[in-house]
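Notes follow the structure.
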Amino acid sequence: MSTTNSSAPVYVNPILLQVPPLLNIYLGTFILITGTVSSIGNFLVFSSRTFRARACSNYLIAEAVAAFFHFDYVCLTRVIQNGFQIPVFSRYSVVCKTRQWVSEFTHETAFSLFVLATIDRCLSTHRSAMVELAVPWGGTYEKFDAYAETLTSGVLPNIFVIVLGTILLRNVRSISRRRVVPTGGPQPINEKLSLIQQIDAQISTMILLQAFFALPSFLPYGAQNLYSSITLHWEKTPLYLAYENIFVNLIRLLSYLFYGTSFYISCLSSRGFRRQVLCILRIRKLGNNVNTQTKSTH
C-alpha cells in the first residue's frame, strides 16, 4: 500500500520544493569536503610515530578509512543524486546495488571501531588492574528492516555513547584525583613513561569529546527513521510532504557530522594532536628552521 494524498487541492510554494536539492548541494558539499579532510587528517595523525604505538590508535586509523569511504561514496552519491539531480542510481546499476550496503557497512564499521577505541580507553584508565587484562522487501520484512535500522543506527549508538562516555569521564576524573606530585626529595621521573601518559590522556579527552558530540548526530537520525516507519502509510498532503522532505534531507545530511568533525575536535582539544598535524604539514619544521636561521644571524 502506497502513501496517498488528500484529494483537496493544496498550494505548495515552489521554493519549498527547491530547498531539499539546495540543501544537498551546499550543505552536502560542505560536509563532504570537511568530512574527507577529517578522515585523511585522522589517518595521517594516528598513523604517525607519536600516536601509532597506542592500541586504540589502530581502531581510530581503521575508523578513518571506513569514514573516508562513507563520505566519498555514500555522501558523494547523495549530493550528485539528490542535489544536482543527476540520476546515478538509475544510470549505473552498480551504484544502485552497492550504495545501500556500503552505507550500512561503513557506518556500522566506523562506529563499531569508535566504540572499541572508547572501550580500550575505558579499560586503560580503569583503577582496577584486573580489568586491564586482556531497497527492502515488502510485508513483514519491510517493517523489520525499518525498525532494525532505527535500532542499530539511532538508538544503540546513543546508548553506547552515553554509557561508555560516562565510564570514561569517571575514570579520567578518578585518575586526575589520584595524581599527587611529591614536594620533597628526589623525583625519579621516567620521561618516556610521562610522554606515554600524556598521549593517553590526550587520546582519552579526544574520544570523550567526540562521544558526546555523537548524540546530536545520531539521535535525530534515529528519530527520523522511527517517524518514517510509523507514518509510512499515513495520508499526507503535498504541503506536508514538502516540509517533511526538507527535514528528512536535513537530518540525513547532519548524520554525517559525527564522522566529519572528529579531526577538528581533536585539533581543538589536544595540543599534541595539533603539533602532529603541523609536523605532517611541515609547518612546525619550517618554523624551527626559520628560528634557527634567525638565531644564527644575531
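Glycine too: its Cβ is placed from the backbone N, Cα and C atoms.
Per TrEMBL, the feature transmembrane segment maps to 25-46 (among others). Within the chain carrying the transmembrane segment (25-46), a Cβ under 8 angstroms from the stretch's Cβ atoms is held by residues 52, 57, 60-61, 63-65, 67-68, 70-72, 75-76, 78-79, 82-84, 250, 253, 256-257, 259-264, 266-267, 273, 276-277, 280, all 6 or more beyond its ends.
When Cβ-Cβ distances below 8 Å are used as the criterion, the transmembrane segment (58-80) is approached by residues 24-25, 28-29, 31-32, 35-36, 38-40, 42-43, 46-47, 52, 86, 88-89, 95, 99, 102-103, 106-107, 109-110, 113-114, 116-117, 120, 252-253, 256, 259-260, 262 of the same chain, each at least six residues removed from its ends. The feature transmembrane segment is assigned by TrEMBL to 58-80 (among others).
The transmembrane segment feature in TrEMBL is assigned to 151-169 (among others).
Among the features that TrEMBL reports, transmembrane segment is placed at 203-223 (among others).
Remote same-chain partners of the transmembrane segment (243-265), defined as residues 6 or more beyond its termini with a Cβ less than 8 Å from a stretch Cβ, comprise 16, 19-20, 23-24, 27-28, 31, 34-35, 37-39, 41-42, 45, 63, 67, 70-71, 75, 78, 82, 110-111, 206, 209-210, 213-214, 216-218, 220-221, 224, 228, 236. What TrEMBL records for 243-265 (among others) is transmembrane segment.
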